């Protein structure tokens, strides 16, 4: 009887030790507060203005405004979805000030 009780307690401990798929620090859903894009499932931590709180947001779709890269891990415009490219101005000053914005285009479709 004791062995069954111990086995049951071990099984319960294992079940409760399994981590929740929803993250507290990483794997954040869209709309949750973030500090860096690495934390978000979408890989885009977005802020509307320099003074606003950053939140996870979906990546930019075709013909939407986008940012190619960020040095800081937080975007004013999210990068494009997979398969799209962000076409626009790219400068060193824009990289530093986080103002290199463009528009998402399908590279395969625009070449045709």
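Cβ from N, Cα, C; glycine included.
According to Swiss-Prot, the feature signal peptide maps to 1-17.
Residues or ranges marked as disulfide bond in Swiss-Prot (evidence: sequence analysis): 34-45 (among others). Cβ neighbours within 10 Å of residue 34 (disulfide bond), excluding its own Cβ and spanning all shown chains: 24.
Residues or ranges marked as disulfide bond in Swiss-Prot: 40-56 (among others). Cβ neighbour count for residue 40 (disulfide bond) (all protein chains, 10 Å cutoff from its Cβ): 26.
The disulfide bond feature in Swiss-Prot is assigned to 44-78 (among others). Its own atom aside, the Cβ of residue 78 (disulfide bond) has 26 Cβ atoms within 10 angstroms in the protein chains shown.
Within its own chain, residue 86 (disulfide bond) has 60, 66, 67, 68, 79, 80, 102, 103, 104 as residues 6 or more apart in sequence whose C-beta sits under 8 angstroms from its own. Per Swiss-Prot, the feature disulfide bond maps to 66-86 (among others).
Under DSSP, residue 104 (disulfide bond) is assigned to a strand (E or B) in the three-state scheme. Positions annotated as disulfide bond by Swiss-Prot, on the basis of sequence analysis: 80-104 (among others).
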TODO: Taking the Cβ of residue 66 (disulfide bond) as the centre, count every other Cβ atom within 10 Å, in any protein chain shown.
DONE: 26
Task: Cα distance (Å, whole number) from residue 34 (disulfide bond) to residue 44 (disulfide bond) - done: 9
- [ ] List the Cα distance (Å, whole number) between residue 34 (disulfide bond) and residue 56 (disulfide bond).
- [x] 6
